[in-house]
Every structure is written in structure tokens, then in C-alpha cells.
């Protein structure tokens, strides 16, 4: 495993981010963020809460509330130390208010869209990011049935409607000067204050962790190619770029990347593959970019460890021959045991023992058949 300089890896890896997170603006991979996602389902399926609110620092969930428990709860031991003892009661009351508001707003939107069914979803997403140069970015938006509905523009300090149905809301909210001031103050100041506090208390849990990488090969199932696989694991945060290099040049089009998945220990894992001609003289290297690395992590494929194609073919031929021999042996065994002579003997013995050939009279057969809408405060 080596890390070195050279051409930068092509940023073509997939970060596997949740769909809700993808919809939000984001800074660079290293930008700390504090984000909230509220979801209301008008006619939820069994086991699905009608209302859910979750909060993230970077990509770690730290707070959770839903309409089943009706309580704000921490996710992570370090979160408790970042807030005062009354925090949970305050947030629980606030989120119960948001839940009632969502219920009313969903009914309002259903009528506004002239919808007759009840399978609809309202989403609210807001948060902030802190740049490396200490710059800040904030965002707040609503979505309905997976489409943008209305969002707050931090440059003009106004709400901007997306569909025609949102214009009534835009006019009403832009006319509420107190609401505009509250939203602006939260995004420009309060959200950043909370983000800094959580980053301080969760320093150990939120500290970046460097990825580890392993390269392996296997024969492809077609076209006599070889599949090179680069498994990357143990990294945090989630954003990462993995690409295969051929003779030092990135091959983004030929590289297939998996989703980034949690490993269960607070870190993430992913892998990238490429199909190659094993007889070529090209050098292949897996290249990884991550915020925790000072330089690209590069792991070269060791072609000398690959089994020669002749060895693979010989192994295949031997396997086929052994299977044929086993099949022939089995067939001979059954022919001897269950051949024509044995079958005739069995039938003869069976005829001798047949009840109709005994001295007893057959029994008489018997017939045994039967008939037969509102708004809550944002504290954090």
C-alpha cells in the first residue's frame, strides 16, 4: 500500500448519499455541516411514522424524533454533553408543534393540488455549512411528493416558489417580515453557532479517518477478461473518490463504482472495478482521494500474482474430466443394480405375492363416499 504524488485521481466516485441529502446544496467534501430533515406522510404504510425529524452533523445522525415515540432523542453518547438538561423537553415540544403543522399543511396542499388520493409526502430540509475560509452557507426548502415546492434565498432574503401552487405560500411568507428575520437569523447565525458547538463536543467521533485499500483480481465470466477490484474501507467522512489508473492515467469511463455503505463502526466502505485484458502490458493502479489523506492513496495491481491462463484452463479441464468420470461411475452402478434382470426378478416376486392370487376371497367393496397545517419554532 503506497501513497504518492502524480496526476490527481479523477473525481468520478459515487458517494452513496441518501436522496434527501443529495437534494441540498453542499460545499466541499471537507465542509462541516449541520442539517435537518423533516418528513410527513399523509397516509403512511404500517410501521412508517406519519412524521419524522432527524438531524445530522456532517453525515452522522445526532437527533431523532418521530410521531410514534413523540420524543426527541440523541444518537451518539457525545451529543448529551453538548446540550443543557432542558434541551430535550424544549425540542420535544417544538417538534410536536411541527408535527401538528405538517398534518395541517398536508391537507391544505392536497386540496390546493386538487388531489383525491391520500398518498402524499411533505418534506422540509434546512441547515448550514462552514467553509475552510470561515465562510458560511445556509439553505431552507420545502418539497412536496419529491418535487421542489418553495425555498429561501439567502441572497435576497425572500422565499422563492417553484410550482404555481406555491405562489400563494410565497406571497404570504414574504409578507411576514418577522418570519423573514427569524429565518435569516437562524441560517446566518444560530445554525452556525450550533454547528460549532457540536463540532467541539464531537471532535473525537467526527474526526476524519483515512481509508485502507486492497486490490484483487478474478477471471471475468465472458470475453476472457480479468476483473480488477479495489476495495476501500475504514474511512470517514463518507465523501470519497475511487478510480482506476492505466499507466498513470485515470480511466473514469471504464471504472465501475459501488455505493458508499456504512461499515457499522462509524466508518464507510466502497469498491471500484475495471475489466482488463490480462495479457496486456499495461500497469493498473487503484487511486483513492479522501479529505483525510495528504496525497492520493495508490495501490498497484501485482500482475505476477495472477494465475496464468494456462493453469486456469488446465484446472478447468481436470474438473470436467473428474465430473465425467463420476457421472459414468454412477451410471454403471445403477445399471448393475437396477438393470433389466433385476427388474424382471422384482416383478416376478411381486406377482407371486399379489393378493388376488391368494386363496382368500377379495373383500366386498363398500361405498364410503359422502355427499357433499401550522408552523413550529426552530430552536436548533
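Yeah, the Cβs are placed from backbone N, Cα and C, and that goes for glycine too.
Predicted automatically and left uncurated, TrEMBL annotations should be read as such.
What you see is a predicted model, and the numbers here were worked out from it, not measured in a lab.
Range annotated as transmembrane segment by TrEMBL, chosen from 270-291, 292-313, 314-335: 314-335. Per TrEMBL, the range carrying the annotation region 'Disordered' out of 1-31, 32-62 is 1-31. Here the domain 'Ig-like' (211-313) has a mean pLDDT of 89 out of 100. In the domain 'Ig-like' (211-313), helix, strand and coil residues by DSSP number 8 helix, 50 strand, 45 coil.
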